[in-house]
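Asker: First, the structure itself, so that you have it in front of you.
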Amino acid sequence: MNSDTPVPVASPTSAPKRTLLEPAPGETLRRARSYFFEGLCVSSAVVVLVPLFLIFIYVVSKGLSGLSLDFFTQLPKPVGDERSGMGNAVVGTLILVAIGCSIGLPTGILAGIYLAEIGRGKLAAAIRFIADVLGGVPSITIGVFVYALVVVTMKRFSALAGGIALAIVMLPTVTRTTEELLKLVPAHLREASLALGVPEWRTSLLVVLRTASPGIGTGVMLAVARIAGETAPVLLTALGSSYWSFAIDRPIASLPVQIWRNATSPYPKWQQEAWTGALVLIIIVFLLNLLARIATSRSVKAR
Amino acid sequence: MSTVEVPMQQAASSAPQSDAPHGTRGADRAFRAILTMFGLTVLAVPALMVLELIRSSRLAIDKFGLGFLTGRVWDPAREEFGALPFVYGTVVTSLIAIVLAVPVSLGLAIFLSDLAPHRIRKPLGFMVELLAAIPSVVYGFWGIAVLRPWLRDTVEPVIIKYFGYIPLFEGPPLGFGMFAAGVILAIMIVPTITSVSREVMQAVPQLHREAAVGLGACAWDTIRYAVLPSARSGIIGAIILGLNRALGETMAVTMMIGNVPKVSASIFHPGYSMASVIANEFVEATSDMYVSALSKIALLLFGVALLLNLFARWLVSSTKSKLEKRA
């Protein structure tokens, strides 16, 4: 407001007298503008959350009708065969995630310990930075990379290649979460352990890492949820399969790839199976997210 | 996540001076060596990725050079490869996604950081993160089944009716195409932009808000004059991170964009994107040159993502640290 406009209260003759409680000129407009923009923010919250519900409700209602024991025990069959399912894809996803975790978790956690405990100076900063950048690399590019590195070398698509691709996808998340959480562990715990003569490596693994483990578990679950739904890198490395397959050096089926194949097929029967697959996948991912959330709130409360 | 200053490192550095019994020193040294090795692995993976991508796209680089970027013809049978349709499709869909997603994401971020009742902030934030966790293939499938008919019958005819004379909005309402892909991408990148920009806004010191309120500012004035200006560059970083995600998104785009390698002016026409062409053709690519051309597209995607990422992260982290220092 302009400071040189005469204050109404001070002018005795002209201008109606105003008490302090009356709104100043322009105040109504300001209020209105405030309500307007607040309203915009609220409505954008609605606009964002509605698609979530739509997608969620739609997948549940479409997928539920196909959910039966056959879905988990049968192979994908041609149209016409009633007893058909995605059992091999469910198992395949579990195998792929297991391989991804067995490579990605130790690497990520140990790299995280390195960053939190002994990494200093330019090297650690570079690693931290590169880990963040790796998190932003499109997953399809990771697929092409692993194809060139593993599939070409082994001369065939394989579960192992798929697992390696997933490990690379999860690596940055695991590394950075581990680092952040280790840094939150109070220093006196570590000092107490060292003062008792416990060697550094045991202190790191048994005291510091253990204290931070609930939080790290959260990060791990979120990373697992993410790789369970990854399609593009798996498509280029594990390829997919319409049979039961447990061999690590053979192509293997996975839920996301199978959903993609079925969804883009013209047969309603196959599409129905894809909806059921999508429901199963979403349930897995949401459960992992929920567990991660519960674990976090528990560990926060415990502190 | 904010980091607490790390006194552990001091503890670690003073450890070797204590009278450790013999043998533990060696174990500690081995432990440190192993940790360093794993730390270096994280550094080595992207480096190896660059080398490997360059190596496998060697053939295409030698044959097409930079002309690859401007070539409009994609004909695997005659081994003629130009990436322009894919680059164009990726850029257009990402821009549509950004235009659609940024306003609502910022609105939601402001709502979550400043306006929502405290009781619902956390659950609401969690729901937004769940939105981000839905696998991209499910988004794509939902796009085919629900979004496509809706766009084809409701949204696109209206836009074409009123703005159809502009080449940008011309054409038959197909329901798939670059616009449809942009819409699905917008839904997918909202959580990224929202959560990062909310983080930055929450880093704005509470004192700034209190000062604004003390001067008589109402809720919106506080946000407009106290929160947004100091969070601005961080918010730009958040938007670029969203853009980065949109560029690399594969499955949902593949299912919505139509997969036609053409450069067309109208956003309602089908197109193709860099990530989609890799997903669709890589496994079936027969000749070495074909694989090499697709690898070159992957390399291109990697380079763009790298640059965007570096810039965005620099913006976000410098804003946050500046704000936290002020607090």
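Every residue gets a Cβ built from N, Cα and C, even glycine.
Pulled these from TrEMBL:
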| type | residues | note |
| --- | --- | --- |
| COMPBIAS | A:1-16 | compositional bias 'Polar residues' |
| REGION | A:1-21 | region 'Disordered' |
| TRANSMEM | A:35-60 | transmembrane segment |
| TRANSMEM | A:89-115 | transmembrane segment |
| DOMAIN | A:90-292 | domain 'ABC transmembrane type-1' |
| TRANSMEM | A:127-150 | transmembrane segment |
| TRANSMEM | A:156-174 | transmembrane segment |
| TRANSMEM | A:207-228 | transmembrane segment |
| TRANSMEM | A:274-295 | transmembrane segment |
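So that I understand the layout, could you describe where these features sit and how close they are to other parts?
Answerer: Outside the transmembrane segment (A:35-60) by six or more residues, the chain places 275, 278-279, 282 with a CB less than 8 A from a CB of the stretch.
When Cβ-Cβ distances below 8 Å are used as the criterion, the transmembrane segment (A:89-115) is approached by residues 72, 76, 124, 127-128, 131, 159-160, 162-179, 182, 204, 209, 216, 220, 223-224, 227-228, 234, 238, 241, 244-246, 248, 252-258, 277, 280-281 of the same chain, each at least six residues removed from its ends.
Away from its own ends, the transmembrane segment (A:207-228) comes close to residues 93, 96-97, 100-101, 104-105, 108-109, 112-113, 117, 166, 169-170, 173-174, 177-178, 181-182, 184-185, 189-190, 193, 198, 255, 281, 284-285, 288-289, 291-293, 295-296, 298-299, 302 of its chain (Cβ-Cβ under 8 Å, at least six residues beyond either end).
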